[in-house]
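**Student:** What follows is a single structure, and I will ask about it in a moment.
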Amino acid sequence: ISQFAVKPCGRLVRPVAPTRIPGRYLSHQEGLPKLPVPSLQQTCERYLAILEPIVDEEELSHTKELLAEFQKAGGVGERLQKGLERRARKTENWLSDWWLTTAYLDYRMPVVVHSSPGVVLPRLEFSDRQGQMRFAAKLIAGVLDFKTMIDNETLPVEYLGGKQLCMNQYYQVLSSCRIPGLKRDSVVNHAHRSRPPAHITVVHNFQFFVLDVYNSDGTPLTVDQLYMQLEKVWSSSLQTNKEPIGILTSNQRNSWGKAYNNLIKDKTNKDSVQAIQKSIFTVCLDAPMPCVSDELYRSRAAVQMLHGGGSRWNSGNRWFDKTLQFIIGEDGSCGLMYEHAPAEGPPIVSLIDHVVEYTKKSEMVRTPMVPLPMPLKLRFNITPEIKKDIEKAKQNMNIMVHDLDVKVIVFSHFGKNVPKTHKMSPDAFIQMGLQLAYYRMYQRCCATYESASLRMFKLGRTDTIRSCSIDSANFVKAMDDPSKQKIEKVTLLEKAVKAHRAYTDMAIHGQAIDRHLLGLKLQAIEDLTSMPEIFMDTSYAVANHYNLSTSQVPAKTDCVMCFGPVAPDGYGVCYNPMAEHINFAVSAFNSCNETNAAHMAQRLEEALLDMRMLLESTPKAKL
C-alpha cells in the first residue's frame, strides 16, 4: 500500500542561511545514524496492544498463541530477526530499498488517486489570459531558485526534536521520473548525470513542449524571458482536438507498461517520452474547469490536482509518471501533484513554501534582449493500437473520476492555538478528533495509519503511527456515554493524547512496529522459507486494512494536500494545521455505500468542537 509521509510534530527548526561549502550534503549525510532494527519482543508486545481495539477476543487470543510460537528461543522469529540485523549491518538502510519496491514500484494500481498526492494552493485572480502565463513564469523561476540551493548543496539542514534530518529526498524530486514495467516499475533520476537536464516540459491542450530554462552561460532565464517563451508555447498549441497521449500514464501499471513498450518502438515517440522523463519538472497549463460556488471551489480544485477532472477536462494534460507537475489553470486554480516513489510530503511542501514566497517578490532583474529559440514541440506518431490504448485509458480514468469523492474544508473555529492552550500536541488532538468522528459514524474503532518521518536516519522514509490505541478507544467510547462524568472524559482525552504523542516519538526514533513486521515478512520471502503464520493470520489482515489513512502535512502556505483512500471502504484524510484554522481534505470512494467524504468532514468538525467544549467546560483534571 502506498502511504503518505509527513513530519509528525514539532516544528522543523531552520538554521540561518548557511555558507556555501561544496559537498556539505554528503558530509552531513555521512554523520546520520542508521535505522535501527527494534527488538523482536518489543514489536510483538506492541503489536498485540494495537490489535486490542480492532480485533475480537477470539482472534486476539489466537494471535497471542501464534506470537508465542514465533518468539520461541531458536525459532522462526529469532532466525528472521538475525537475518534483518545482518541486513542492517551490510546496508545503509535495511528498509529503504525494500520499501521503495513494495510500497511503490511493485504496486500495480494506477498512480492517479491510489498513490500520487495533490496539493491545492490558494486561488489566484487572473484578470486576463496573460495572468496565467505571468504567474507560471514566476513559479518556474521560483522552482529554479530552489534548484540552485539543491545544486550548490546549500539547502538549510532540517531538524526535528534537535536532531538533524536526512536531506536525500530533496535530491530525488527534480529531473526524475517513474518508468512503467510489465511487473515492476523503476525510477530514473537524471539530476546526477555529467550533463544534467536544462529544460522543463510544458503541456497545454494535451500538447507537450520542451522549454530550455537556462541561458548558454548557465544562468536561469528571467521571469520576462520565461513569460515570452510560455506565450510562444500557448499560441502554438491552440488546437483542442489533439490525442491526449499523457492519459496513458494514468492506467493500471501493467497495462501502461505494455502500452509503453509499444509506444517507444517508434523513434520519434521514444525521443519525445525521454524528453519528458529527463525534464527538470513539468508545468501543466490547464483549461478552465466547470464553475462551482466559492464554497465548493477547494474540493473541485482538489480533484483537478489529483486527476484533472476526467478525459474531457484536464486528465490528458498530464504526465502522471513525472515526479513534479505544477498545475496552473486559466481560471486561477493552482497547485501541483507529485509521483510518490521518490519522496514524501515535507520536502515537496518546503519547495512549495519557497516558490510561493518567491512569486510574491517583484522582479528586479534586467532582461537581456537576446532572441530566444522557439520551444520544441514534442511529436508523437499515433498508430491505431496506441489510439486504442488511449481510448481504454480514457474510459478507466473516467471511471476513477466518478468514483472519487473529495471534500476539502477549512475548519475555521480554531487551529493549533486551542490544543496548545491545553498543553496538548495539536497533531494528537486532531487525530483523536478523527477517532471520535469515525467511532460516532460506525460505532467501532478501525486500523488507522498516520505517517511518521524516519528522516532522523540515513535514507529514512516513513513508519506508521497507529492512532487507534487502547487509550483512544477508551476515550471515544466514554465521550458520548451519559453515565460518565466530564472530568473522567477529560482525563481519558488527556491520556489518549499523551499515548499518541508517545507512539509518535517511538515511531520517529525507529521503534514503531509496522516496518519491522514488514521487514520480518520480506526476510522470510528472501530466505525462501515458508511464510510464518503470524502473517497469514486474520489479525494481520485487519491491522493492515486502513479504514483511515491520514497524514499531517504542515506548511507555511495556506494550502492542503490530498490523496485517495487506501482501502475500498476507507477514507484518506490529510490536514495542514495553521495557527487559527485547519485545512482538511477528506476522500472516499462513491462505489462504497458505507463511506461519505462530506459526512466524515462534518463529523470531524463536530468532534473537534465537542472536544474543545469538553476541555473548556471542565475544571482542569489532575492526573
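Every residue gets a Cβ built from N, Cα and C, even glycine.
Below are the features listed in TrEMBL for this protein:
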- 35-606: domain 'Choline/carnitine acyltransferase' (DOMAIN)
- His340: active site, proton acceptor (ACT_SITE)
- Lys416, Lys420, Thr421, His422, Lys423, Met424, Ser425, Pro426, Asp427, Ser453, Arg501, Gln552: CoA binding site (BINDING)
- Tyr449, Ser451, Thr462: (R)-carnitine binding site (BINDING)
**Student:** Please work out the mean pLDDT for the residues of the domain 'Choline/carnitine acyltransferase' (35-606).
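**Tutor:** Mean pLDDT across the domain 'Choline/carnitine acyltransferase' (35-606) comes out at 94.
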**Student:** How many Å lie between the Cα of Lys423 (CoA binding site) and the Cα of Ser451 ((R)-carnitine binding site)?
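**Tutor:** Between the alpha carbons of Lys423 (CoA binding site) and Ser451 ((R)-carnitine binding site) there are 23 Å.
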**Student:** I need the CA-to-CA distance for Lys416 (CoA binding site) versus Ser451 ((R)-carnitine binding site), whole Å please.
**Tutor:** 19
**Student:** Using CB atoms and a 10 A radius, I'd like the single residue among the recorded positions His340, Lys416, Lys423 with the highest neighbour count.
**Tutor:** His340
**Student:** Least buried of the binding-site residues Thr421, Ser425, Ser451, going by other Cβ atoms within 10 Å?
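**Tutor:** With the binding-site residues Thr421, Ser425, Ser451, fewest surrounding Cβ atoms within 10 Å: Thr421.
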**Student:** Whole-number Å only: compute the distance from the Cα of Thr421 (CoA binding site) to the Cα of Tyr449 ((R)-carnitine binding site).
**Tutor:** 27
**Student:** Hey, what's the Cβ neighbour count for Tyr449 ((R)-carnitine binding site) at 10 Å?
**Tutor:** 27
**Student:** Go through Asp427, Thr462, Arg501, the listed binding-site residues, and name the one with the sparsest Cβ surroundings, counting other Cβ atoms within 10 Å.
**Tutor:** Arg501
**Student:** Between Ser451 ((R)-carnitine binding site) and Ser425 (CoA binding site), how many Å separate their Cα atoms?
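**Tutor:** Answer for this pair: 16 Å between alpha carbons.
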**Student:** Please identify, among the recorded positions His340, Tyr449, Thr462, the one with the smallest Cα-Cα distance to Ser425 (CoA binding site).
**Tutor:** Tyr449
